[in-house]
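Chemist: Below is the structure I would like to discuss, written out as structure tokens.
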Amino acid sequence: MNPYILATLLFGLGLGTTITFASSHWLLAWMGLELNTLAIIPLMAQLHHPRAVEATTKYFLTQAAAAATLLFASITNAWLTGQWEIQQLSHPLPTTMITLALALKIGLAPLHAWLPEVLQGLDLTTGLILSTWQKLAPFALLLQIQPTNPNLLILLGLFSTLVGGWGGLNQTQLRKILAYSSIAHLGWMVLILQFSPQLTFFTLMTYFIMTASAFLTFKIYTSTNINALATSWTKAPALTTLTPLVLLSLGGLPPLTGFMPKWLILQELTKQDLALIATLAALTALLSLYFYLRLSYAMALTISSNTLTATTPWRFASPHPTLPLATTTSLAICLLPLTPAMMALLTI
């Protein structure tokens, strides 16, 4: 893609998210979300492959439906209450509609069916943007509206953690596995949203770090399915040693970074007298942990056939920049001891 066009599209992504962040009026927030969607569509279709075009079309139709629902709900709220302010959302009908529209935008279960199919048709770089940056603007709105129906958020969160774990069990494509991982992590964030918004934001940032490390690692390996991970040792031995730790961190295994948000969320749910919800969420995390273990097993404990007829891949240096990968991998593995410092920053 032309560098000037790429810079314009990335600027549009940043501008759309910034407009949504800074807006207090529903129409401005809606405009930011639309700008965000329109900026990423050319990035998704840049491969000119039928699968990429199909994924782009699915994404556009889904986001258009969510945006139309959001606009209709905000107009309904203005009609019922006379207010266009985002934080003046008091009537339960538009609140529920807006919550469901934002859930569709970020891919929460049961409105998640588009996310694995769309992510499967994209390259890993655009998939990383879709899994991280595109979640920011809808989450900013969710954090502001503070939905008046707590049972809806708990239901969405539990269902997302269950579907995210269950859906990834039988997958062999890495992008679909990462899509179901995204659904499961979003469920954890929504589960705690109404009780501790700061903890939701913290979990979102932690998820961004771990997911960026996973996507960049698979981009270095040029792997898109589990079988291709068996040859990773010959391509990057040091990185192959660290990647299972990143995957287990995504699964929330101590003493890695991913354990920190899950631990704090379970603690907060228990404080809110929701011990049963916390228990169910912890059990659904085991489902996610299983398919992360599958990836770790395929990478670290499987030996490839070594019948390559081409030049051995370890003779070539990787053309990809390694600083972002090194930074995110280090953070995804080693942040747990900094939990007290993170909690102090959250309370400021």
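Numbering starts at 1 and runs along the chain as displayed.
Even glycines carry a Cβ here, placed using N, Cα and C.
As listed in TrEMBL for this protein:
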- 23-287: domain 'NADH:quinone oxidoreductase/Mrp antiporter transmembrane' (DOMAIN)
- 289-343: domain 'NADH dehydrogenase subunit 2 C-terminal' (DOMAIN)
- 59-80: transmembrane segment (TRANSMEM)
- 92-115: transmembrane segment (TRANSMEM)
- 152-170: transmembrane segment (TRANSMEM)
- 177-195: transmembrane segment (TRANSMEM)
- 201-221: transmembrane segment (TRANSMEM)
- 233-254: transmembrane segment (TRANSMEM)
- 274-293: transmembrane segment (TRANSMEM)
Chemist: Going along the chain, which residues at least six beyond the ends of the transmembrane segment (233-254) come within the CB cut-off of under 8 Å?
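Modeler: Tertiary neighbours of the transmembrane segment (233-254) are 181, 185, 210-211, 213-214, 217, 220-221, 261-263, 285, 288-289, 292-293, 295-296, 299-300, 304, 312-314, 318, 325, 329, 332-333, 336.
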Chemist: Average the pLDDT scores across the domain 'NADH dehydrogenase subunit 2 C-terminal' (289-343) and report the rounded value.
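Modeler: Computed over the domain 'NADH dehydrogenase subunit 2 C-terminal' (289-343), the mean pLDDT is 77 on the 0 to 100 scale.
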